[in-house]
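Right, one structure below, let's go through it.
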Amino acid sequence: MAAKDVKFGNDARVKMLKGVNVLADAVKVTLGPKGRNVILDKSFGAPTITKDGVSVAREIELEDKFENMGAQMVKEVASKANDAAGDGTTTATVLAQAIVNEGLKAVAAGMNPMDLKRGIDKAVSAVVSELKNLSKPCETSKEIEQVGTISANSDSIVGQLISQAMEKVGKEGVITVEDGTGLEDELDVVEGMQFDRGYLSPYFINKPETATVELDNPYLLLVDKKISNIRELLPVLEGVAKAGKPLLIIAEDVEGEALATLVVNTMRGIVKVAAVKAPGFGDRRKAMLQDIAILTAGTVISEEIGMELEKATLEDLGQAKRVVINKDNTTIIDGIGDEAQIKGRVAQIRQQIEESTSDYDKEKLQERVAKLAGGVAVIKVGAATEVEMKEKKDRVDDALHATRAAVEEGIVAGGGVALVRAAAKVAASLKGDNEEQNVGIKLALRAMEAPLRQIVTNAGEEASVVASAVKNGEGNFGYNAGTEQYGDMIEMGILDPTKVTRSALQFAASVAGLMITTECMVTDLPKDDKADLGAAGMGGMGGMGGMM
């Protein structure tokens, strides 16, 4: 086991604080409408330019192991805030730095760290409750647009796109962010259920000008196995031909003579057919086939439940108003499924989202909800260079998470004002069990001014003057650093999602409280590589002596 380096008391805390400040100072320059960018060097490729707090935090690793421990703990604050609300990472870092600095001053003055932490926890709990009281619902498109604009670093086009996307696909719909091909940002909305499987043969194409297959009022045959024998399909094909409607086959695969016969029948015009592979893999494939069945009022032909393809009838087939297939995607528009059954299926998937612990599974389940509930919107980010594209994509992603958080828990006045107001409201009535807890309460409430002060500092103004003016105001009165004007923050469109502000404060206080109560730090002693190299060199010289 490697030897350890151990530091105690003030020695440990000074080192830890240095690490906290290095990381927080790098992150906090990005805060607010006039926040600056940070350039991150990469081991390969061009450097990344970002204004996203968590991206900056993740890149920082310090040489001194004790300082690095402090930095890593603040990195955890930014990371947790990002996981919970998708935004507010810089605010969380600034709050953590302020609480740690104030708290360690009190510890150095001889206060009991445990009582300080209890005081901080009381203050945070009271302020979180007050934030809920100050919060107002975020319902109108205008408010959604304002939240998106602020979070995308005052980029109003991004705010508009997110607002339009939410209008089109609903607040629960899936909105994804992709690289665009031009200089402008674009919004692409796919209505109906789309999945990433294209036609199995180009001979199915009936619209050569767009290289797509379009089927009007088709039947849908859903099968959870491979089809290679055409005999299994004959009864269904005959029934569909009599009905005079087209047929879409969605199966694990269609191959061999079955695919060849379908192509020949289509080309001769005997029956209009197209075939695609079922989306997903394994259990997810079965679940998605079931989703399509509910959407189109069909049945999945599965041997697991004792159904055979040869015995399938028209009653087992789903129906939709229209299906469009290209080489990569299949879109089912207006399935005839029962509304109540679709809602029941959506509720069931939502329950699975609640119970799931994997982010990947949650994302896939959320996509299934959106496909059942009405559509998917894609924001295509345009930029002149790849470096700008990455930076912009980060901002659009943040804005998207912020608007979702706003819809979920409502909005409060932005620009750091909500925390200042909530802190002022609870300050008079909040008391600890002893004097040291009172000091903890006061330092936590004082630290809640830090985001406002940092926004003002980044805008090149005097933080103390603005903070004093904002504290003397009432309600949503605050300072718009973008226009350098005082006024009602909500009327000026400076909004923050309540969830983002709340998460930032809770995670910052949680980690900062632990750091204040630290008395000892243990790390591995650095290996003395020079000594090892010296020994190796001496051995080599000895060998040369022998040769002479």
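Note that the numbers count up from 1, one per residue, in the order the chain is shown.
Heads up, the Cβ atoms here are built off N, Cα and C, so glycines get one too.
Lifted from Swiss-Prot, the feature list:
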| type | residues | note |
| --- | --- | --- |
| BINDING | T30, L31, G32, P33, K51, D87, G88, T89, T90, T91, G415, D496 | ATP binding site |
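Where Swiss-Prot records a feature, it is marked here on the structure.
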residue : record           : contacts (Cβ under 8 Å, 6+ apart)
T30     : ATP binding site : R36, N37, V38, T50, K51, D52, G53, V56, T90
G32     : ATP binding site : G415, Q454, I455, V456, N458, A459, A481
G88     : ATP binding site : A81, N82, A402, D496, V500, T501, S503, A504
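The DSSP secondary structure for T90 (ATP binding site) is helix.
Comparing Cβ neighbour counts within 10 Å across the binding-site residues K51, T90, G415, the minimum falls on K51.
The record assigns T30, L31, G32, P33, K51, D87, G88, T89, T90, T91, G415, D496 to the ATP site; their largest pairwise CA distance measures 17 Å.
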